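Asker: To start, I am sharing the structure in question, which I have written as structure tokens.
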Ligand SMILES: NC(=O)C1=CN([C@@H]2O[C@H](COP(=O)(O)OP(=O)(O)OC[C@H]3O[C@@H](n4cnc5c(N)ncnc54)[C@H](OP(=O)(O)O)[C@@H]3O)[C@@H](O)[C@H]2O)C=CC1
Ligand SMILES: CC(=O)[C@@H](O)[C@H](O)COP(=O)(O)O
Ligand SMILES: [Mn+2]
């Protein structure tokens, strides 16, 4: 029986992870779970899965949850220290890192330092703290399994050994992108898109932030950096290919001309189950893939003129140091401002570009450098949003 700590239990990845736990009660037990504000959803999770420990974002939400679940024998906690603590708990074997954004970094690192199998959905933590993150994985000899569908596909398409996948004889990684809901829209048409339109991903059902990132192609930019850290390559060794159907989840091209890929219907239960059960495979309840029903798979180049975030991410990688944390922080502020109707859709990339070119980029020697860069870039981005710089 594997004990699971589910960081971000009330989100989209959280729900799919709970679905896999429900399908396999003989294999997995929910030991702990976290959420930020979603008290009612968490109360339902508590009743159904009876975890031992639950962490909420504030004292107020913790108290409200404890009131709703007064009859359950659960330790109700709150705040950053409690989050770090559940990830490192001795009853936990696997940590599912599914908090949205930079807030996921600290508990994910805490689980790694405690030697837990780490199922990484929270790409922002690896993007921002890349080298430090991978150094900790190596130092604690942790099994790190990518959950992000593309990276999971790459992992599955690499040569497998008893201790994981390895990059051997690889010539290129081919990262697929759906192109998002505005793949065929002109810049003029994109000026006035609404958050509701941008959240409507053509193939995947996901949280708001990653859905907006997919629409601006920032998701692919973050994933490009994520792939570089995970698979020890540079952006020059990664081709991004737009594949609107999201059936091929990414590919690996080998020196002999062979290209291996992982395919499947677009449902995160597949990579989640893969990570939870590796090296075995388990049932997911996802419908079998029918290529005959799909009929045709399409491919095209990404348009970096309409979607400049992809280039910005590659730039940030080559700038190195805190550049990736700065870009990520700017983007988190920009997406939030867009969702709250403070800026337009195209302003997201503009703000990202301005913050990345204005911020002071320094080397990353310790975690504090990343935390400081994140704070400084958020301040800069917020000033730009509220000073009317974008008008
Ligand atoms: N959804 C998907 O299919 C995929 C997601 N990912 C990545 O997985 C992560 C989660 O995505 P997704 O599930 O879509 O996101 P959601 O927005 O659906 O869920 C986010 C979860 O994180 C919690 N949370 C949000 N902010 C904070 C915070 N500041 N502190 C603590 N907890 C917080 C939320 O709690 P509350 O409900 O209380 O707000 C919720 O439980 C992201 O990094 C995303 O990029 C990667 C690949 C695919
Ligand atoms: C499910 C998943 O991994 C998302 O990152 C998804 O791939 C988004 O797709 P695009 O960013 O390619 O639109
Ligand atoms: Mn992805």
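Backbone N, Cα and C atoms are what each Cβ position is placed from, and that goes for glycine too.
No curator has checked TrEMBL annotations; they are predicted automatically.
From a predicted model like this one, the values you see are computed outputs, not experimental measurements.
Checked TrEMBL, it gives:
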type	residues	note
DOMAIN	4-130	domain '1-deoxy-D-xylulose 5-phosphate reductoisomerase N-terminal'
BINDING	10, 11, 12, 13, 122, 124, 207	NADPH binding site
BINDING	123, 149, 150, 178, 201, 214, 219, 220, 223	1-deoxy-D-xylulose 5-phosphate binding site
DOMAIN	144-231	domain '1-deoxy-D-xylulose 5-phosphate reductoisomerase C-terminal'
BINDING	148, 150, 223	Mn(2+) binding site
DOMAIN	263-379	domain 'DXP reductoisomerase C-terminal'
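Set these features in their place in the structure for me.
Answerer: Here the domain '1-deoxy-D-xylulose 5-phosphate reductoisomerase N-terminal' (4-130) is broken down by DSSP into helix, strand and coil counts: 62 helix, 27 strand, 38 coil.
Non-local neighbourhood of residue 11 (NADPH binding site): 98, 99, 100, 207, each in the same chain, at least six residues away, with C-beta under 8 Å from its C-beta.
Residue 150 (1-deoxy-D-xylulose 5-phosphate binding site) falls within a helix when secondary structure is assigned with DSSP.
Note on the domain '1-deoxy-D-xylulose 5-phosphate reductoisomerase C-terminal' (144-231): mean pLDDT across this stretch is 95.
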Asker: What whole-number value in Å do you get for the largest C-alpha pair distance within 123, 149, 150, 178, 201, 214, 219, 220, 223, the residues recorded as binding 1-deoxy-D-xylulose 5-phosphate?
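Answerer: If we measure all Cα pairs in 123, 149, 150, 178, 201, 214, 219, 220, 223, the largest is 18 Å.
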Asker: Residues with Cβ closer than 8 Å to the Cβ of residue 219 (1-deoxy-D-xylulose 5-phosphate binding site), same chain and 6+ apart in sequence?
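Answerer: 177, 180, 210, 213 - these are the non-local Cβ neighbours of residue 219 (1-deoxy-D-xylulose 5-phosphate binding site), listed in sequence order.
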Asker: I need the neighbours of the 1-deoxy-D-xylulose 5-phosphate site defined by 123, 149, 150, 178, 201, 214, 219, 220, 223. Which other residues of that chain put their C-beta within 8 angstroms of the C-beta centroid, in sequence order?
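Answerer: Leaving out the recorded residues gives 148, 177, 210, 213, 222.
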Asker: Quick one: which of the binding-site residues (10, 122, 123, 124, 201, 207) have their CB closer than 6 Å to ligand 3?
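Answerer: None, as no Cβ falls under 6 Å.
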Asker: Please state whether DSSP places residue 223 (1-deoxy-D-xylulose 5-phosphate binding site) in a helix, a strand or coil.
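Answerer: SS state of residue 223 (1-deoxy-D-xylulose 5-phosphate binding site) = helix.
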Asker: Mind computing the max CA-CA distance among 10, 11, 12, 13, 122, 124, 207, which the record assigns to NADPH binding, rounded to whole Å?
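Answerer: Between the outermost Cα atoms of 10, 11, 12, 13, 122, 124, 207, the distance is 18 Å.
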Asker: Within the set 13, 207, 219, which binding-site residues show a CB-to-ligand 2 distance under 6 A?
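Answerer: The qualifying binding-site residues are 219.
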